[in-house]
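The following features are taken from TrEMBL:
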COMPBIAS  1-11  compositional bias 'Polar residues'
REGION    1-26  region 'Disordered'
DOMAIN    54-219  domain 'FAD-binding PCMH-type'
ACT_SITE  Arg199  active site
REGION    236-255  region 'Disordered'
COMPBIAS  240-251  compositional bias 'Polar residues'
ACT_SITE  Ser248  active site, proton donor
ACT_SITE  Glu318  active site
Amino acid sequence: MNAAQSPTPFASSEVERQAAGTVSRLRSTRTGEEIVVRGKLKSQAPLAPLVWFKSGGHADWLFEPKDANDLADFLKQLDGTLPVWPLGLGSNCIIRDGGIRGVVVRLGKPFAKVEEAGENRMRCGGGASGILVSSKARDAGLGGLEFLRGIPGTVGGFVRMNGGAYGREVSDVLISCDVVLPSGETQTLDAAELNYSYRHSELPEGAIVVSALFQGTPADRDAIQAEMDRIAQAREDSQPLRSKTGGSTFKNPDGHKAWQLVDAAGCRGLKVGGAQVSEKHTNFLINTGDASSADIEALGEEVRRRVRDDSGVELQWEIQRVGEKG
């Protein structure tokens, strides 16, 4: 999963002007000054290589901040000029074929640091993967974070979405998180302030999670590794990990498992264009090779329709769908 959010409001005329190439550098509409960063800022950046589905259009701008201060300074200078959308591993999203108007913020290696924080806690950057967090916790002799091994995404995304797997959720282990708001202000939020529910949080609109503090419990390293191995094998056995996929497509409705509803509706192997419902796990959509994002989204909507007709249950998307339709 990603550091997912809805883009912040913007003036469409300004987006169109900057996207059309009538300006060679990103400027604030408030001051007219060029926005200066220490990280990498690229215009008309292709996003398909950065997401697991390997489909979708370009971002008007792609920003990879050098650190949290660089991100905060950038957002202050941007001053609401363009919408901002954060991207982690690209594992839990469909980037539509028309691309993303505005700025995609990608938290790369500078945000992937994981370290012990005392009191059996781990401090994790917003760009750190679940595998890295669980592995570092194991090295520190801290259990309780093994389930993160089973979440395909980064800390920023699964803190926002209350990511979970194998009986546990982020809300079970999160102490607090540091976020940068669209204004550029940095805040530390306690877990209780996020009002977690199933695959949902009340993180402030437009906030980007740059780090999180997780609580572990002392445990035997071999036992921790054994649990991580069990989770890894369970994923290998049940999920299409070798395919171009976005992970779990639909949320589990109350009292149901999404994959069972999809299977019962006869959708196993269903295709739209180059997109297909996985034969291995029916809550996964896959790109068989040449699928457009429109194919993938249309397939998901067709699955939702068939499930609704078959069982009366309205499946809700878990995967984020962002950008403009092509």
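Even glycines carry a Cβ here, placed using N, Cα and C.
Keep in mind that TrEMBL annotations are predicted by a computer and have not been checked by a curator.
Overlay of TrEMBL annotations on the structure.
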| residue | record | DSSP class |
| --- | --- | --- |
| Arg199 | active site | coil |
| Ser248 | active site, proton donor | coil |
| Glu318 | active site | coil |
Pairwise Cα distance for the residue listed as 'active site, proton donor'/Glu318 (active site) [Å, integer]: 7
Rounded to the nearest Å - Cα separation of Glu318 (active site) and Arg199 (active site): 8
Site of maximum Cβ density within 10 Å, from active-site residues Arg199, Ser248, Glu318: Ser248
Rounded mean pLDDT for the residues that make up the domain 'FAD-binding PCMH-type' (54-219): 97
